[in-house]
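> Here it is: the structure, laid out below.
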Amino acid sequence: MSFRGSEEEDERIIHVARLGEQRAHASAFCDNSVKNSKYTLVSFLPRSIFEQFRRLANVYFLAMGFLMLLGTYTTIFETPLTAFSTLFPLTIVLGISMAQEAFTDVKRHRSDDETNNRMTKVTSWNTGAAVTSESVRWRDVHVGDLLYVSNKQPLPADMVILATSESENICYIETSSIDGETNLKLRRAINYLPTHDTPLLDPADVIARVEGDQAVIRCELPNMKIESFTGTFCIPHKEEHVSSEGAPQSGDFNKVIPIDNENVLLRGAMLRNTRWAVGVVVYTGKDTKLQRNSRHAPSKLSKIDVAVNKAIYMVFLTDVVLVLVSTLLLLQFEAAYFPTLTYLGFYSPGLTPGWAMAVRPDGMDWESRRSTFIQGFLTFIVLFNNFVPISMYVTMEMCTYAHLYFINEDLSMHHEESDTPAKARSNIVTDLGQIQYVFSDKTGTLTQNVMRFKRASVQGKVYGAPILMTEANATLPYRNIQGLNRDAAPGSPADDFLKILALCHTVVIESDAMNAASDNSYDKDALTYQAESPDEKALVEFAQEAAYELIGRTTQQITLKINGKIQSWTPLAVNKFDSDRKRMSIVVQDGEGRVRLLCKGADTAMLQRGTCGSVEAATTMVDHLKIFAQEGLRTLVLGYRDLTPAMYAEWFNSYREASAAARDRADLMSKVADSLEKDLTIVGLTAIEDKLQDGVPDTIADLATGGVKFCVLTGDKMETAINIGYSCKVLREGQLLLQLTSGTSADIEAGLARLYKAVIDKKGMNAEFLKLKAKPTRSFSKCGQATRRAKDVASAWDVMLKHFPTLSSPTLGIKSQCQKTPSHSSHVSSPDAPLPPVHHPIHVRFTKAARKAMVSKTQAVQGPQPDDIPQQATRHTHRRLSRAYSHVTDFAFVMEGPALVYVFSHPGLKVILFEIMKASSAVIACRVSPKQKAQLVRLVKEEVSPTPVTLAIGDGANDVNMIQEADVGIGISGNEGQQGKSQKGSNNLTSFYTVTNFKAV
């Protein structure tokens, strides 16, 4: 079978082929090499010279040098200065700058070579019925190859998983280079080979099956959507052959297997906790999703260079005026006195006195022609060339290098543990004092990504000492955290609490020393837990400390060692966490056949669905929630529900149907989980400390005091990002938290419009508050930009009027000349008007402290039944929040990356999004891709007038685009950065400065 590959209008078709044949037809798609360098040997000289002459002063001095050469070696005019006095220092300045550029780009080339020449294995079933494996360089990997990836090996290309070494064909990956998250994520092979209960030892059967079936993959064209993938794995009938164009017809397939994002491993991810995985390469090189989200390093000028360029225009204009005046005066002077200027060597035949000619000095050359306008003009241009002194640039460069030296040698920015100093790589140092907007990554930048279990509340008892003494917890009694195990008698609430911690999660065990989970032969110190969320890891590690140790987990069994005794449960179904439900759950069956749902989640999502057993227990739970929140701890509520076999069987049928759905699978799974997660018995409350880097809250507060606006851009889930926002004081008490979550395009548009209207109503201002007008333009060259801006504004108002017809639309006339778009009044509801109905994807809520404070007031509710306490408290709290809403005008805006995909494709929605961001005192963007981070930075630079100075801070390769887009980039290379040094080299080469922790900012 020969290799064929093609790209039709809306899909890519890939035929899995023999290894040798693929190499002969590899030109169908791009190769797998990547290039992050800026120059080549051929392009370096012209491109670097061009970069240097973006400084107008360099152009000015070069022009002066050319005029001096012209005046020296031609008769057009006589130069009063030599070209050496200008060209020599200019050459020195340019040479130093170009050498610095070359040195930096050599590092980029070395990084590219290191990446492209890494080795990986490509496997094939060759003629002769034998599996062969060939080690090839990453750059030689092609679409259609069968990749064999080993544990802890990074992925060289995007591939569809065919099989793994683990049971149920699952594998785990780390995606820190893609989204910044260091936690493991679960992926599954496509439903191609029969699932196996025991790990596969050899991929030979996989390769032979693929070759025998002559499979074809149909998938979407290369795109930047990291969170999604759509394709099918097609197996044709044995007697059928591909068409003449190389694409099987729709009726030729014996079996069609759907492929989604769960079945794909992306370039940049690392295989973890899995011995091997075999897959088919679908995207290579610049077509991979990681590269689609990257961009080449842009050329940047510091703001002082931009200011000097503008000043040179004025200086040169002044220079030309003075030259013109001086030339005219020279011509007038020579016209009146030329015959008498013999002492200057001038004479006019017939007019100059004879005695003047007689006393002329020996050797003097006489000039009888008067100066022309051109000669006078060029002479004065050269004479006045020091209006722009070249010494100014020399002085600026010397000051810049002095600043860089002080940064590199600053002991306060030196990381003692790793012996890592701060490193300055760019001469754009003057912008550091002009920063107006800061865009920061979260994981590894603001946080250490370390969670610690600190406190718990079980049956009204608090375990663990407070981490921050407040008025509320000063008199609250508490027990030692180890006391939980002593109180955990079988069947007690403490026992249920610890079992939920140890069982309700998606944690993976890494251990080379562990044998069968049915015995005691394992090394506790060798156990390593990996989780999708650091919260889950902290909970399981605490359960381990409390003698409820997770020692084994497969898809068929979860094994705990409780106080030295081995107990096992069968996991029947897992309902993963999502931002709508704000909880996760697992259905397990114990050794006696009893089925139980274990659930944990945010307090707002759990208290409405469970009971605490008594009025006292409910009110105590609410008090403890308030106290833990005031200490800045992240809280989770735990509960369970016993299920009868008939109840479980009925629900599992719905679960199985939803999990097999081809469309809207995530929504269906969420609804099915929601139907089961009710009538819970609440057993306790956990409180986790998210360890921030030292000095983060104080640093952010100092930046805010200096008028700097702070935005957090992260790939984490929304709830995680919000909790970090509270911890590092980006989000403050008394703010309304406005959330834009993902959904359909119609949902996103409607939600954004509602939120925009809510902001207008709360601010109590007319349409001028929105400032939907073109940025002021002062030059004719920006007329097109002003026109486009006016059109975007008109599109934004079309969206608003579509959802709020009572608004008065301002007249957005597009003028033929550059000017501001006129603003007009519009009818806006009063400040006390109620918030318009809020539906998905917008949520409006108070910060945790405000919410907890109001919840505490529900204790005054009289006469409720014990089972109704949480529900009645929630309804009562909602009424209080609604009344308090009218008095709050401080907003915090949280948005999700999937929603931004549609927003950035709609010019009007981009305008609305920015206006909401501008009205908010804090902005957090979560689940954003690397490219979306850069888009948000660019949005601020385009919409704010005058264009602000922006700073981006990150610690990983997923932050490169953001750092490149910002005016100044800072890379963090502390403890976490040192561990991921090999994957974060691109960040280090991209950032202007590298520091070891956030407080050094």
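Just so it is clear, glycine is given a Cβ too, placed from its N, Cα and C backbone atoms.
Since we're looking at a predicted model, the values are computed, not measured.
TrEMBL lists 24-70 with the feature domain 'P-type ATPase N-terminal'. Among the features that TrEMBL reports, transmembrane segment is placed at 57-76, 82-100, 311-331, 337-359, 371-394. According to TrEMBL, the feature ATP binding site maps to ASP441, LYS442, THR443, GLU536, PHE577, LYS600, ARG634, THR714, GLY715, ASP716, ARG927, LYS933, ASN958, ASP959. Sequence annotations record features per position, and here TrEMBL assigns Mg(2+) binding site to ASP441, THR443, ASP955, ASP959. Per TrEMBL, the feature active site, 4-aspartylphosphate intermediate maps to ASP441. Taken from TrEMBL, the feature compositional bias 'Polar residues' covers 812-829.
So that I understand the layout, could you describe where these features sit and how close they are to other parts?
Sequence-distant contacts of the transmembrane segment (82-100) (same chain, at least 6 residues past either end, Cβ-Cβ under 8 Å): 48-49, 52, 58, 61-62, 64-65, 68-69, 72, 385, 390-391, 393-394, 397, 427.
For the transmembrane segment (311-331), the residues of the chain that approach it from at least six positions outside its boundaries are 56-57, 60, 370-371, 373, 376-377, 380-381, 384, 387-388, judged by C-beta separation under 8 angstroms.
Cβ neighbours of PHE577 (ATP binding site) (same chain, under 8 Å, six or more residues apart in sequence): SER533, ARG583, MET584, GLY601, LYS717.
Around the Cβ of ASP955 (Mg(2+) binding site), a 10 Å sphere holds 30 further Cβ atoms from the protein chains shown.
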> Once the chains shown are all counted, how many other Cβ atoms turn up within 10 Å of the Cβ of ASP441 (ATP binding site)?
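Summing over all protein chains shown, ASP441 (ATP binding site) has 28 other Cβ atoms within 10 Å.
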> Identify, among the binding-site residues THR443, ASN958, the residue whose Cβ has the fewest other Cβ atoms within 10 Å in this structure.
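Among the binding-site residues THR443, ASN958, the sparsest Cβ neighbourhood within 10 Å belongs to THR443.
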> How many whole Å apart are the CA atoms of GLY715 (ATP binding site) and ASP959 (Mg(2+) binding site)?
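Here the two Cα atoms are 10 Å apart.
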> Using only C-alpha positions, which one of ASP441, THR443, ARG634, ARG927 is spatially nearest ASP959 (Mg(2+) binding site)? These are the binding-site residues in the record.
ASP441
> Rounded to a whole number, how many Å is the Cα of ASP955 (Mg(2+) binding site) away from the Cα of ASP441 (ATP binding site)?
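Here the two Cα atoms are 7 Å apart.
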> Could you give me three numbers for the domain 'P-type ATPase N-terminal' (24-70), the DSSP helix, strand and coil residue counts?
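Counting residues per DSSP class in the domain 'P-type ATPase N-terminal' (24-70), I get 28 helix, 0 strand, 19 coil.
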> For the domain 'P-type ATPase N-terminal' (24-70), report the average pLDDT of the model, please.
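In the predicted model, the domain 'P-type ATPase N-terminal' (24-70) has a mean pLDDT of 85.
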> For the binding-site residues ARG634, GLY715, which one has the sparsest Cβ surroundings, going by other Cβ atoms within 10 Å?
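Selected from the binding-site residues ARG634, GLY715 on minimum Cβ neighbours within 10 Å: ARG634.
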> Which residues in the same chain, at least 6 apart in sequence, have a Cβ under 8 Å from the Cβ of ARG927 (ATP binding site)?
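For ARG927 (ATP binding site), the qualifying residues are GLU227, THR714, GLY715, ASP716, LYS717, MET718, SER742, GLU896, GLY897, PRO898.
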